[in-house]
Amino acid sequence: MAQHLPPVGGNGGAHTQPSLPALPAHLQSDTHLTGHLASRFHVSLPTAKLSSHAFISINTYTSSSKGQDGGKAGSAQGEAEDMADRAFLRLGHRSENQAILFLGESGSGKTTIRSHILTALLNKTSTPLSTKVSLAAYVFDTLTTTKTATTPTASKAGLFYELQYDTASTTSPLLIGGKLLDHRLERSRITDVPTGERNFHILYYILAGTSAAEKTHLGFGEPDAGTGSKRWRYLGHPTQLKVGINDAQGFQLFKTALRKLEFPRSEIAEICQVLASILHIGQLEFESSENTTVAGDESGGFSHEGGQITTVAKNKDVLAIVAAFLGVSAAELQTTLGYKTKIIHKERVTVMLDPAGARANANELARTLYSLLVAYVIENINQKICAPEEAIVNTVSIIDFPGFSQQSSTGSSLDLLLNNAAAEAMYNLTLQNFFDRKADLLETEEVSVPPTSYFDNSDAVKGLLKTGNGLLSILDDQTRRHRTDMQLLESLRKRFEGKNPAIGVSAATAKLPGSNFLSENTAASFTVRHFAGEVEYSIKGLVEENGEVISGDLLNLVNSTKSDFIARLFGQEALHTVTHPQERTTVMQASVSSKPMRAPSVMSRKIRPGTARTTRQRKESISGRQDTLDDIASEAGDSRRPVNKPSEEGASGQFLHSLDNVTKSFHAQNTNAYFVFCLKPNDRRIANQFDSKCVRTQMQTFGIAEISQRIRSADFSVFLPFGEFLGLADVDTLLVGSEREKVEAVVDEKRWPTNEIQIGSTGVFISERCWMEIAQLSDMVTGRFGVPESEGGTPLANMPYGASKERLIAAGNSPYNNDKAKSGYFGSNDIDGRSDAGVSAFGGGDMFKNLDTREQMAERGNEKSMVEVEEFKDSPSRKRWVFITWMLTFFVPEFLIQHLGKMPRKDVRMAWREKLAINFIIWFSCLAAAFILVVFPMLVCPTQYVFTGEELSAYNGKDGKASYAAIRGQVFDIGSFIPRHPLPYLPSKLFTQYAGTDITGLFPVQVSALCQGTTGSVNPAVLLDYKDTNITDSPNVFNSQDLNSRYHDFRYFTNDTRPDWFSQMMITFRGTYKKGNIGYPAQVVQKMAQQRNAIAILNGRVYDFTKYIAGGRDFRVKYNETRPTDQSLLDFMDPSVVRLFSDRSGEDVTPLWDALRLDPTLRKSMQLCLDNLFYLGDVDTRNSVRCNFAKYFILAVTIILCSIIAFKFLAALQFGTKNMPENLDKFIMCQIPAYTEDEESLRRAIDSAARMRYDDKRKLLIVVCDGMIIGQGNDRPTPRIVLDILGVSETVDPEPLSFESLGEGLKQHNMGKVYSGLYEVQGHIVPFLVVVKVGKPSEVSRPGNRGKRDSQMVIMRFLNRVHYNLAMSPLELEMYHQIRNIIGVNPTFYEYMLQIDADTVVAADSATRFVSAFLDDTRLIACCGETSIANAKSSFITMIQVYEYYISHNLSKAFESLFGSVTCLPGCFSMYRIRAAETGKPLFVSREVVDAYATIRVDTLHMKNLLHLGEDRYLTTLLLKYHNKYKTKYIYRAHAWTIAPDSWKVFLSQRRRWINSTVHNLIELIPMGQLCGFCCFSMRFIVFIDLLSTIIQPVTIAYIVYLIVRMVLTPDLVPVLAFVLLAAVYGLQAIIFILRRKWEMIAWMILYIIAMPIFSFGLPLYAFWHMDDFTWGNTRVVTGEKGKKVVVTDEGKFDPSSIPRKKWEEYQSELWDAQTSKDDTRSEASGFSYATKAPVAVSEYGFPVNPYGAYPPSRPGSTTGIPHMPHMPYSASRMSLAHSEMLMAGNRQSQFGGSQFNLPQSGSEMELSNLAGLPSDDALLAEIREILRTADLMTVTKKGVKQELERRFGVNLDSRRAYINSATEALLSGQL
């Protein structure tokens, strides 16, 4: 039985024994050991020793520094410091590397014990570096720890912290550096915070610790109302913001730590901005929106014209904050988040994301930012604290990985798997150390140790971690191969089923409940039997998660950042990028490293002894990074890289590699290991409570009983050869005997236990305790090296959070108990005094004070790097228009448009001014039309409210008529007066008898009260008779003899004299009841004058002096008064006035009245008398000439409008004959552009085109796919959908070929693939050609997408070059080859092209109808058919369009067709004549049409409306412009159905496009004098009327409303006739569909009429104002040097020579030469690919050089699904055309001389170099040697070497870049 040490602690209780192996054998079970730990725990001794290099610590959830009696002895901190002392001793005295490994579950206190050990080690060296090392650990924990359900600070990343020492010169090691190695941060937590837990602490710190000014800058804002806290998506529930953690103080400490680690203030601020942007990314909300802003790269049919469904951010303010901090444009960020580019089957495909997908994309961005930020901070810390590796002698490694978990709190299977794999590996290291370490040496030394049984987890470790065929390796391999989850599961089954008991795999298929059939098992998983329990891992999504692919869209976005910090963040080595194999500067995707950027120093020295290795951050941009020369030198032999490239490794592969490094460093020779077992006392974090079951489970998990048993047998830590042992023992030299005998004597003297010392054949195995005793170092352990604890340390030492923020905290207390301890991250007594002042100043205030504001960042992010493309001159017409625009909008200042309108760009502001000017013109036109239709007639003939006698008689109160009566020439409504009569009791019949009559006689007047005479007064006794027959001798006159007149007689002679009664009564009547005046036409006045009446017209009023002249004057006085005798008193009117009316009776005396010499007072008096006593009425001018003109003018306008509609009706009736020749032998093409349509739409369109009743051999189906895009709702990219429909296998993969595209800058260079074959559907076998625009390798987002116009141009430009025999691009040559050699038809044979949209279905006889029309009329250049709505009943929006579609075709287009000039041929269904039938002259593809339609610079409002809004209409305009001798027609019998917009927003946008494009195209057509017809019968007149009717549509509706109102109010003949005419002509429309038996159109017409205000009023007004609603791109015209206008763009300058071109004959000749010289013995044919010209003379891929660049040969069968050999069947097609040509073409070879194996021809490079006058390789190599000999390798770059070579040789060396780079690398790596 082995002897053991006596119990420590005297004769106390059982708890006094600190060593578990020292307990008796019967107490060595799990239960007894747990009991012993419990007894110690309850007396505040929560630790126990296992051996001199291992101890157990139990978390008390209180202070970690208090043991029994409040002292440090027995506490966790005490044991930690004791272990640190022993490690330090061994480090100094034995020069061994030390490794301290922590094991324990989450919440067991590992992080705290680790901080104590770290603090104790750092306290032993009093250097400023120790503070930095301590601060580095704090920063690491701040970034990687979080609060979980088990602990307030759980580590979520593996830590390998290396302290670097120089132990060569002294036994007191000198700290010279440190190295932080982080292993696999739990990234899933960043965006998915588990319930009840927190995210990483730093995110809470920044939210709580920033000042008010800083919060404002970071956009944190105010808390939500009602909750008191803002709900942050990435911070979990708001309650997690207040969980007893002092976040504000933690943030201040974090900033201080970074500052002391020499991070610049600006960089700390940038770090905070990135953290804030991550929080804001979590706040982004997304929604689906119909993007109606027009862009030049749009495609698709009618259903796309109004806009496409895109995903946008709801909260644009939050988006702007994120964009500003990232240094990018908010619009670009939103676009990037709405798309995601993936690599599917080696193809880049852009997926249009829905809101959920955009949210996931934003989460990916947040995870990427945080991961890169952590990597950046750690790498920069390492740069500050890491020593050169040649100076490192020994290291102390602190290893702490997250504890084992049964399930993932974040739902990530990958994080759970990797975390548990690390725990498994660490536990295996522990077992090997205790049970297997030194086993070989023991056997060699012939020392036997009793075997001890233990649980061996080797099966699990091998199954998980074995390189090549372990589970993590298999997962990595499957990820690299892009396999599915089920394929991974199958691979795991093959590998482990029945071979490894630790891993079990579930079935891939299962029977669903209620089904007897096997289906895919959605719950498939695999199970791993870990040392701590069995865990089931779901297979779902594991492969994709392991890839951790960062989309190329995000990288492309960041590549344009204006933030230097963001550029550095994404430029570091931690970001592994995947570049395009053919364009190395293009990053397709990337991933953040899951392993440290550095390797342990032990590993580095072992692999590369004596070589320093530093890992630096790459500072180059993503797209064009250049490795510095020292990077190349350091990486040349860096074995830390795996066999596979980092970009090819998934997370599991990288993590496995990093674990392997940890394991190797742990097992390295000269490394001594220590172990700390951390246990939880209970699962509920209750302080001072010991749960025996919980602890016993952990004891069993870690096998502590077996370890203790093993230590009882063998506790050997040191092996000392006999000589070294005797030297340490200081044995008396006089002792006689051999070394072994002397050793045995010493051992016998020491009486050490046998489990701590064994004597071998050449040396002694001894425990650490015995070694320290014999080396006389035991006393040094109890003391402390360095600064005593009583001395003051750094001021930060007394701060809360003294250790690691996971102190062994007390429940309910703050987790920041300092316990008055000088330990923790800031526990060192030395600080970097250099930065104290800066730190204190930095801690308060605003860290962003001297940095750019958020607005400045946003402005900088919107800036573009512009490149000058070309000079530009405005045309004279443009200059005139700009002048008019400024003249109309001068009053709007520029700064208002710029700031209030948010239009920083000058060209956008100019477009806005143009829009405003156009709107002014349109509004003026509308006002002018309204003036002419409404105001002008009123000015010519003002409205008169007069009544003739007959008209007055009609208002007699009968038959519902009103009751009017006349008094002294004025008409009043007595019907309204009757109820208000002063005597209400009088019967109404008494009053109604006077209705329709003149009742002047009922109201006698007092002359003196109404007239002042010539003297100023008239005698009150004067009377004047009233002529009672003055209304055209009408009998309806009541004279003064009426009995009722006496009730109104208040004249002077009556008893009741009231002279002013009549005046007052008339004032009341005029104000309330007046309806007008009596009207006398001028003819009637003349007639009355002829009847001896003294009547005349004065100022349009009729006055009668008949009674005055005839003696109707008299005196009448009261009873008993004397009658006046002076007869002159009766002449109260001036004689000249009386003579005027008597002499000029029947005339208009106005000029004579004005000529009378009257005193102004007298004239005024006479006028008063005329108006009161002699007035009869007004002159009635309603039947005058000018009033008749105004009346019939309205009628004439109505007739003109209706005549146009009538002509359209007649035109619609012209097409009644049926013309269909039987045999049509013309070749036609049918082009279908595809964008993001679904499979159903595409199949309908393709099938309908293929099923057309036309000779299948003579029609060619051409589908042009506009980009590699997966539309929303689709599961495949559109090109793949098209190819699947056509039956092209996925194995057919032709090479992408270059061609010209419509785009800005470098986007003019595009690449595409060509497929061809035969499509069979319902008995039709139709040849097809598919062109897929895939884009250049440098295109990341929406590769290849250029728009529908570009898709048309692909075919138009191809046919143009075919017919003009011009040089063609590689894609066009391939198209020519496919059509001619594969399909078997010469491209020149095709005469007609039918263009339909991908959402259009054509009738079976459409092609026949069109072609027959072309054959009937050789002057016909293009025609269209009738397009109906396929989804008519899907919504009200589509319903109101049905009739409009019908009428627009059958009236408007039919009418225009009469003139042979249909101005708009819709692109959804039109056919064009490619060439003239007689001469073969190109028509549709003529040079003029193609060049004009291919306009690239579309930067003015007019051009954008032409080419971006209505390219189909503009194409028609060009045909009419350049081929004016030809016609365009409408063929109503040709029919098609399309999808119309079914939502209001899309409909509004579509009509905005149509209306505005109509206006601008008609403006283009009006100046064209070639249009047919003349004068008002010319097409120009019709075009003008169309333009005018378009811009005044709102007035048209208002005019119709005006007619209706006027008809109701004044139902005279003319308005009724006008309205009847208008209604009748619109009724003619009904005749059309009645004749054609379209009865359903009746209902559609009613809906259309209801919606007319929308079509004619609302839509035009909306369209005109939104005329400038475009995506403007980044190409614009600016003023350059010397005032010249230049075109600039941020897309780069396009070089046309980058796309090589050849004529077909030359190309065919080279093909034939290559074919005839081919070696017939070769077994595999290689198709030629005429690829893009390379920018260098020698391809870096090893291809040969030729005048057209370096071209890789295309793949076999690269052209089509049609077989190259007749005997090879093709599953989806039949081969019936041109077999001989096909055989020749199928056996092609590259004409550039290279073989299919991509081997260059020998000597080609040298020959080209010499021909170009370039230096030879030897000359270059010699100069490179010289440059590197004198250069600073820390700063020089390969680019710099090349530039220096160019300077020395005086030539451009771009073509030699590849050689220069390779030679430079070879020189640095020692290969040359």
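Any Cβ shown, glycine's included, is placed from N, Cα and C.
Quick look at what Swiss-Prot annotates:
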- 1-779: domain 'Myosin motor' (DOMAIN)
- Asn123: N-linked glycosylation site (CARBOHYD)
- Asn291: N-linked glycosylation site (CARBOHYD)
- Asn428: N-linked glycosylation site (CARBOHYD)
- Asn559: N-linked glycosylation site (CARBOHYD)
- 659-683: region 'Actin-binding' (REGION)
- Asn661: N-linked glycosylation site (CARBOHYD)
- Asn1030: N-linked glycosylation site (CARBOHYD)
- Asn1055: N-linked glycosylation site (CARBOHYD)
- Asn1120: N-linked glycosylation site (CARBOHYD)
- Asn1450: N-linked glycosylation site (CARBOHYD)
- Asn1556: N-linked glycosylation site (CARBOHYD)
- 1814-1869: domain 'DEK-C' (DOMAIN)
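Residues 37, 41, 46, 50, 53-61, 80, 83, 86-87, 90, 94-105, 107-110, 113-114, 117, 150, 160, 183, 397, 399, 421-422, 425, 429-430, 432-433, 437, 465, 467, 599-600, 602-603, 606, 640, 689-691, 694-695, 698-699, 702, 704, 717 of the same chain lie 6 or more positions beyond the ends of the region 'Actin-binding' (659-683) yet place their CB under 8 Å from a CB of it. Every protein chain shown contributes to the tally, and the Cβ of Asn559 (N-linked glycosylation site) ends up with 18 other Cβ atoms within 10 Å. Taking CA atoms as the reference points, Asn428 (N-linked glycosylation site) and Asn661 (N-linked glycosylation site) are 15 Å apart.
Taking Cα separation as the measure, Asn123 (N-linked glycosylation site) is nearest to Asn661 of the glycosylation sites Asn661, Asn1055, Asn1120. Listed in sequence order, Asn1505, Leu1509, Gly1510, Ala1663, Phe1664, Met1667 are the same-chain residues six or more apart from Asn1556 (N-linked glycosylation site) with CB atoms under 8 A from its CB.
Between Asn1055 (N-linked glycosylation site) and Asn1450 (N-linked glycosylation site), the C-alpha separation comes to 84 Å. Broken down with DSSP, the region 'Actin-binding' (659-683) shows 9 helix, 9 strand, 7 coil.
Between the listed glycosylation sites, namely Asn123, Asn428, Asn1450, the fewest other CB atoms within 10 angstroms of a CB are found at Asn428. DSSP classifies Asn1055 (N-linked glycosylation site) as coil under the three-state reduction. Taking the Cβ of Asn1055 (N-linked glycosylation site) as centre and 10 Å as the limit, one finds 7 other Cβ atoms among all the protein chains shown. Mean model confidence of the domain 'DEK-C' (1814-1869) amounts to 82 (pLDDT, 0 to 100 scale).
Of the recorded residues, Asn1450 (N-linked glycosylation site) and Asn559 (N-linked glycosylation site) place their C-alpha atoms 54 Å from one another.
In the three-state DSSP reading, Asn428 (N-linked glycosylation site) counts as helix. Within 10 Å of the C-beta atom of Asn661 (N-linked glycosylation site) sit 23 other C-beta atoms, taking all shown protein chains into account. DSSP labels the residues of the domain 'DEK-C' (1814-1869) in these numbers: 41 helix, 1 strand, 14 coil.
Around Asn1120 (N-linked glycosylation site), taking its Cβ as the centre, 5 other Cβ atoms fall within 10 Å, counting all chains. Across the structure, Asn559 (N-linked glycosylation site) and Asn1120 (N-linked glycosylation site) are spaced 119 Å apart at their Cα atoms. Across the structure, Asn1120 (N-linked glycosylation site) and Asn661 (N-linked glycosylation site) are spaced 145 Å apart at their Cα atoms. The secondary structure of Asn1556 (N-linked glycosylation site), as reduced to three states from DSSP, is helical.
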